[in-house]
Amino acid sequence: MNKKIAFVGAGSIAEAIVSGIINAKVVPASNLFVTNRENTQRLEELSARYQVNALSDREEVISNADIVVLAMKPYDLEQSLSAIKGYLKEDQFIISILAGVSTERITELAGINIPVVRVMPNTSAFIGFSATALSKGKFAKEEHLLQAEQLFQTVGTTVLVPEKDMHTITAISGSGPAYIYYIVEAMEKAAIEAGLDSNIAKELITQTVIGAGNMLKLSGEEPDILRKKITSPKGTTEAGIEILEKHHVQRIMMECVKSAKERSEELGK
Ligand SMILES: NC(=O)C1=CN([C@@H]2O[C@H](COP(=O)(O)OP(=O)(O)OC[C@H]3O[C@@H](n4cnc5c(N)ncnc54)[C@H](O)[C@@H]3O)[C@@H](O)[C@H]2O)C=CC1
Ligand SMILES: O=C(O)[C@@H]1CCC=N1
């Protein structure tokens with residue numbers, strides 16, 4: 001893809017996407033530009049690590065870009081857009097990965113009828129395994145959606161969704177990896193507490209998560225069926241799951257997703 005892409009915001013998700021794009025060799029590092037509010041050390045770090053153009057001159061970064069990726073925190077959006085809106089043009093387009101914030105709000109803050117595509121990736125983009133959802137705003141055309149989709153296909157799988165679903169998706173697949181890591185942390189603690197070598201525990205747990213993920217993807221079976229195949233009557237799994245049931249862990253996970261979705265809605269206000 002011969003496009004110049006500027007990232008405004010150089011945090012963990014921007015790095016995950018940059019790293020994924022570079023590994024996929026679809027956009028050369030020389031076409032990627034990264035800027036942030038003030039942390040020049042962070043920009044130098046990204047430039048050294050990925051050979052991208054990491055610049056603190058926002059005018060240079062924005063005015064030369066074909067695509068501007070907004071990757072700051074939602075509460076920094078207003079200030080950030082007011083600093084760059086003077087350099088934005090209607091023949092560019094914006095990709096926003098901000099949780100909660102609507103395309104309408106971004107157009108309003110940009111002050112011009114610039115196309116906006118809203119995207120929700122996750123940090124697994126770092127290794128090409130993001131689950132990414134995309135939807136287009138009022139001024140975005142199919143070609144913008146397609147280009148954004150092509151870009152994010154280099155860092156994982158993509159789905160096109162109506163924008164109204166983005167809050168739920170943010171709670172499910174945007175935040176989702178963190179829920180899995182949270183469970184992994186607990187499994188590691190339990191294994192180590194029981195006397196297992198921590199490296200062995202890590203290796204076994206990591207492969208268990210990879211195996212379970214691939215079973216979900218490749219076996220064609222529903223998760224409850226896969227679970228039942230592991231759960232022998234009066235066996236170890238049954239004993240473990242009984243504790244999860246006693247503490248209503250599924251209901252708690254559902255509350256977790258609901259709360260994340262509500263936060264996404266709040267962030268958009
Ligand atoms: N971390 C994740 O897993 C995901 C994050 N997101 C969204 O991506 C965005 C960034 O998240 P993280 O990378 O986790 O945050 P972060 O805190 O790691 O990075 C935010 C970046 O924005 C920069 N920034 C702040 N104000 C700025 C301004 N006025 N101008 C230019 N740059 C500015 C900061 O310097 C920093 O580099 C958030 O809106 C979040 O909702 C979306 C999907 C997944
Ligand atoms: O925690 C957050 O707000 C962001 C959005 C999805 C993942 N991280």
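Placed from the backbone N, Cα and C atoms, the Cβ positions cover glycine too.
The model shown is predicted, which means the values in this text are computed figures rather than measured ones.
What TrEMBL records for this protein:
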DOMAIN    4-100  domain 'Pyrroline-5-carboxylate reductase catalytic N-terminal'
BINDING   Ala71, Met72, Lys73, Pro74  NADP(+) binding site
DOMAIN    163-267  domain 'Pyrroline-5-carboxylate reductase dimerisation'
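Features as recorded by TrEMBL, highlighted on the structure.
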residue	record	Cβ within 10 Å
Ala71	NADP(+) binding site	26
Met72	NADP(+) binding site	21
Lys73	NADP(+) binding site	12
Pro74	NADP(+) binding site	18
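Neighbours of the NADP(+) site: apart from Ala71, Met72, Lys73, Pro74, residues of the same chain with C-beta atoms within 8 angstroms of the site's C-beta centroid are Gly9, Gly11, Leu70, Tyr75, Asp76, Leu77, Ser80, Leu98. Taking H, G and I as helix, E and B as strand and the rest as coil, DSSP gives the domain 'Pyrroline-5-carboxylate reductase catalytic N-terminal' (4-100) the counts 47 helix, 18 strand, 32 coil. Regional average pLDDT for the domain 'Pyrroline-5-carboxylate reductase catalytic N-terminal' (4-100) in the model is 94.
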